[in-house]
Structure formats: structure tokens, C-alpha cells
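Engineer: Have a look at this one.
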Amino acid sequence: MPSRPAVPAVLAAAAVALTGCVAGAGPPGGDGPAAVAVTPAAPAGGAATAPEGTPAPPPAPPPAAPAPPMAADPAALPAPATARTLTPPPAWAAPAAPPAPAPAEGTSSTPKPPAPPPDRPSEPSPPPGDARTRPARLAIPEIGVEDLRVVPYEGTTDDRPGTRIQDKGLAASPYGERGGVGPGEVGNYLVTAHRLSAGGPLRDLPSLEAGDRVLVTAGGTVYEYRITGTRTTSFRSERSLAEQRAAVPGRPGQEPTQPMITLSTCATPEDDAAGNHWRDGLGNPEHRIDKIGVLVSSRPASAAPSTS
């Protein structure tokens with residue numbers, strides 16, 4: 001009796017044939033062939049198969065992606081980038097001031113100091129408290145001069161400013177580079193006045209003799225000089241003028257060691273008598289008569305006057 005093929009084998013062959021037919025067909029206009037679940041045949045040997053109509057099991061999940069290969073040495077891997085953390089400004093911080101505008105080309109950002117006021121021309125003046133600038137009063141008891149005002153000025157004996165002072169009936173006392181010192185100071189205190197004009201305050205000056213007193217009051221002090229000698233000065237001789245104006249009368253260039261005085265007036269009568277009628281541009285004759293004295297004492301103006 002011929003043998004029959006086993007039923008499971010026949011069913012497996014039919015399933016394979018059916019699968020091949022269905023795989024080649026798909027829905028018209030579809031995206032691809034439709035998937036058909038095929039139930040694998042049970043192994044030979046009479047294994048039980050799933051009854052007809054049993055749903056196919058769900059497909060297996062896709063395999064996980066393979067892990068990246070590890071480096072042989074972890075230290076060889078590059079270090080991850082470190083994110084820079086910015087510290088936000090505190091809530092109370094004041095907003096930053098806008099930048100200052102840049103100075104224009106050709107200008108400086110440094111403020112310039114104010115321009116100094118223009119210089120005002122002024123006459124040179126001696127320092128405050130300079131004894132040369134103190135007005136004084138002159139008294140010469142032996143010739144009746146009691147209170148002759150002495151006006152200080154910057155210049156030389158009998159120059160134009162000095163002559164103008166004398167023309168007012170006053171005595172003039174020059175100071176400066178070629179002038180004298182102040183009352184009581186070491187050096188030559190020069191005093192000049194007219195003899196014939198402007199009241200002739202020193203008309204009797206030539207009669208003074210050695211030892212006669214000359215009193216000069218200035219700055220609350222009385223300075224007493226005594227006459228020691230007489231000189232004659234020529235306005236036409238530079239040497240003679242230098243001797244009159246020297247710090248030590250009659251000795252130009254010598255350093256003074258004591259306060260001295262020179263009282264000077266014109267020698268007009270004497271020059272005219274000698275037939276010398278020369279005059280300078282201010283009307284002064286050639287010669288002057290000078291009386292020289294030295295300081296012997298000083299005292300406060302409020303003290304009793306000396307009688308000796």
C-alpha cells in the first residue's frame with residue numbers, strides 16, 4: 001500500500017506557494033508590497049500547529065543601535081568644552097556712563113588755564129617800609145630852618161623831577177641806582193633845596209660850620225647829624241658829580257660804614273661874582289655848595305629835643 005505524504009509537509013508547501021504569490025502583488029497606487037504574516041511551519045515530527053484563525057504574534061522590536069567603540073585609553077579622549085559662566089551685575093549697580101566724546105582733531109582734551117590779565121605799565125616802586133620813600137622834616141637851628149619838608153623821589157641830585165620839587169619851596173631827596181639812602185641809614189642821605197628862588201629855604205647854608213646840628217625827623221624818629229666838612233660840586237664834571245652822589249661823600253666806590261648826610265644848594269652868587277654865568281637846561285649854575293655831616297644820635301620824635 002502506497003505511503004501518503006505527511007499532512008504537515010503538504011501544508012508547509014502550500015504556505016510557501018501562497019506567500020510567493022501574495023508578495024508580488026500590492027494595492028494599486030500603494031507605497032510598496034503589503035506585508036503578509038507567515039506562520040512558520042511546525043517542525044517535523046508531529047508538532048502541534050496553531051489552529052486556523054489565530055492572529056499572528058506582533059513583530060519583534062528592531063535591534064538596538066550598537067554602542068560606539070571605546071577608546072583604548074580614556075585619557076586620550078579630548079576634554080569636553082567648559083561653558084563660561086558670566087556673573088550678572090548686581091541689581092543695585094548704577095548704569096555705566098556713556099564714553100566721553102573724543103576731542104576734535106587738532107584740539108587738546110586738557111583744559112587750558114585762563115589767560116593772564118595784560119600787564120599794566122607802572123612805575124617801579126621800592127619795597128614797603130623802605131626808609132628812602134619816607135617823607136621827612138628838616139631842621140637846622142643854626143641858620144633858622146625849622147620845619148622844611150623833604151620829599152623823596154627816584155632819581156639823581158638836581159635832575160628834572162628834583163628841580164620841580166625844589167621849585168615849590170621844598171627840599172628834594174633822590175634815591176635809586178645813583179641816588180642816596182633814607183634818613184638814618186648807612187650811606188649818603190642827599191637833600192637839595194634852592195638858595196635864592198622859591199623862598200630860598202637854604203640861602204644861609206654856606207654859613208654852616210663843623211659841629212652844627214642838622215635834625216631830620218622821619219617815621220617817628222629824630223636823627224641828629226653833625227656837620228663835618230664842606231665840598232663844592234661842578235655840574236660840568238662827571239667826576240665831581242660822582243663824588244657828590246657817592247655812598248661815602250667825595251669817595252666813589254668806597255663802602256660806607258656809617259650814616260651820613262649831604263645838604264646841597266646852588267652857588268649862583270659865587271659863580272656870578274667870578275664871571276661864570278653858565279646854566280644847565282633847568283637854569284642851575286655850574287657849582288653847588290655841599291655841607292657834609294655824620295649821624296651822632298637818634299631818638300623817638302616824642303622825646304625832648306637835644307640842646308647841645
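Cβ from N, Cα, C; glycine included.
Curation does not apply to TrEMBL; its annotations are automatic.
According to TrEMBL:
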type: SIGNAL; residues: 1-25; note: signal peptide
type: REGION; residues: 21-181; note: region 'Disordered'
type: COMPBIAS; residues: 33-53; note: compositional bias 'Low complexity'
type: COMPBIAS; residues: 54-71; note: compositional bias 'Pro residues'
type: COMPBIAS; residues: 72-86; note: compositional bias 'Low complexity'
type: COMPBIAS; residues: 87-102; note: compositional bias 'Pro residues'
type: COMPBIAS; residues: 111-129; note: compositional bias 'Pro residues'
type: COMPBIAS; residues: 157-167; note: compositional bias 'Basic and acidic residues'
type: ACT_SITE; residues: HIS194; note: active site, proton donor/acceptor
type: REGION; residues: 235-260; note: region 'Disordered'
type: ACT_SITE; residues: CYS266; note: active site, acyl-thioester intermediate
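Let's see these features in context: how buried, what's close, how far.
Structural biologist: Counting only same-chain residues 6+ beyond the ends of the compositional bias 'Basic and acidic residues' (157-167), those with a CB under 8 A from a CB of the stretch are 151, 174, 179, 190, 192-194, 197-198, 235, 241, 244-245, 264, 282, 284, 288.
Long-range Cβ neighbours of HIS194 (active site, proton donor/acceptor) (same chain, at least 6 residues apart, Cβ-Cβ under 8 Å): GLN166, ASP167, GLY169, GLY200, PRO201, LEU202, THR265, CYS266. In the three-state DSSP scheme, HIS194 (active site, proton donor/acceptor) falls into the coil class.
There are 27 other CB atoms within 10 A of the CB of CYS266 (active site, acyl-thioester intermediate), with all protein chains counted.
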Engineer: With DSSP helix as H/G/I and strand as E/B, how many residues of the compositional bias 'Basic and acidic residues' (157-167) fall in helix, strand and coil?
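Structural biologist: Each residue of the compositional bias 'Basic and acidic residues' (157-167) counted once, the result is 7 helix, 0 strand, 4 coil.
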